[in-house]
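According to TrEMBL, the features are:
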- A:12-37: transmembrane segment (TRANSMEM)
- A:84-104: transmembrane segment (TRANSMEM)
- A:116-137: transmembrane segment (TRANSMEM)
- A:158-178: transmembrane segment (TRANSMEM)
- A:190-207: transmembrane segment (TRANSMEM)
- A:247-266: transmembrane segment (TRANSMEM)
- A:272-290: transmembrane segment (TRANSMEM)
- A:302-324: transmembrane segment (TRANSMEM)
């Protein structure tokens, strides 16, 4: 049932694949729910508040209540929108975010995830597709805030994708493979790549924050100037899918960071999935910490920052890594 | 051959399930649970509570256009760098020199764009 990677597909192994996919879907929803809860709780503590504590013990069911509330809210489609594009935009944004999880190796056994040869590249390709969902949603809303927000979002995600991709090349150089499992195997033989690739790791952290549209680069959703950015006109569950996309990408990026720089599921004593969870939680908590600490940057500072600071740094890191690799 | 194709088969399942979740919740379960009482006021475009002025489907300055052009150049560069990085161990010094020339050419392009103030968000 679980041997689909080494045997031709039969009905039984197809059932195994289907169960694996459903498990990952449910896992993703739980992770998203509790990362939203953890965000509110963690930022609450930083700001000397209690955070959510009403629904369920310690407020643990708060996000579930929020999702249910969104489900029973009226789904308003304004008169002037482009109906078809307005309706499919959240799906275009969501599907690639979920597909990106398919290549993240969660544990030693690869029964739930696809062990494809071009893992890192596949992730980058998918994260570029989500820009289309955001652009279509913003344009179809026929709202000025949404239009400006989606334009900013497109420019920003394009700009930060370059340093992100460049910083991954350093890791690929070290491991000699784009396959994420081979990258983990390479780290098991030597050290975690966060040590030799410290510059690349810093560039990755900053660029991924920009790519995820999180503070200090959350200009597409700057609520003090653009209300809510590209999803201003969305309500109910369509809005929920834009939010879900954002947090699924947070999870996927955490998984990618853990895989590329922290050795993925490898580690002593504890089982692999637990190591993966700990490392992903470190990245997610780092993002929330930054969110609670940093003010939002000005829009005319963000885009030049990606091109003038991060891209040269990533190129420098790449050249240094290549030269050292050739000389040593 | 199945070694190669089976993971992609799994990815197809991810796509199917990724479409299934929003379709099921927005079009199947949602309509049963949510009210549907559209009105003229609800259907108007949001513009900070004021009467919306004109239309948003206007000619808008696509400022990201030049960034998109730069993105194409550098994304293709990144794509070339990936196979180079994978084959680096086998090719050795030759690959290093070749790629240094390639990167220097692109850095000249970046410097040119920088001088021409393409990288500014004005």
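Cβ from N, Cα, C; glycine included.
Just so you know, TrEMBL annotations never went through curation; they're auto-generated.
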Segment-segment contact (the transmembrane segment (A:116-137); the transmembrane segment (A:302-324)) at 3 or more Cβ pairs under 8 Å: no
Interface check, the transmembrane segment (A:84-104) with the transmembrane segment (A:190-207), three or more C-beta pairs under 8 A: no
Distal contacts, the transmembrane segment (A:12-37) - CB-CB under 8 A, six or more residues away: 1-4, 52, 59-60, 62-64, 66-67, 98, 101-102, 106, 111-113, 244, 247-248, 250-251, 284
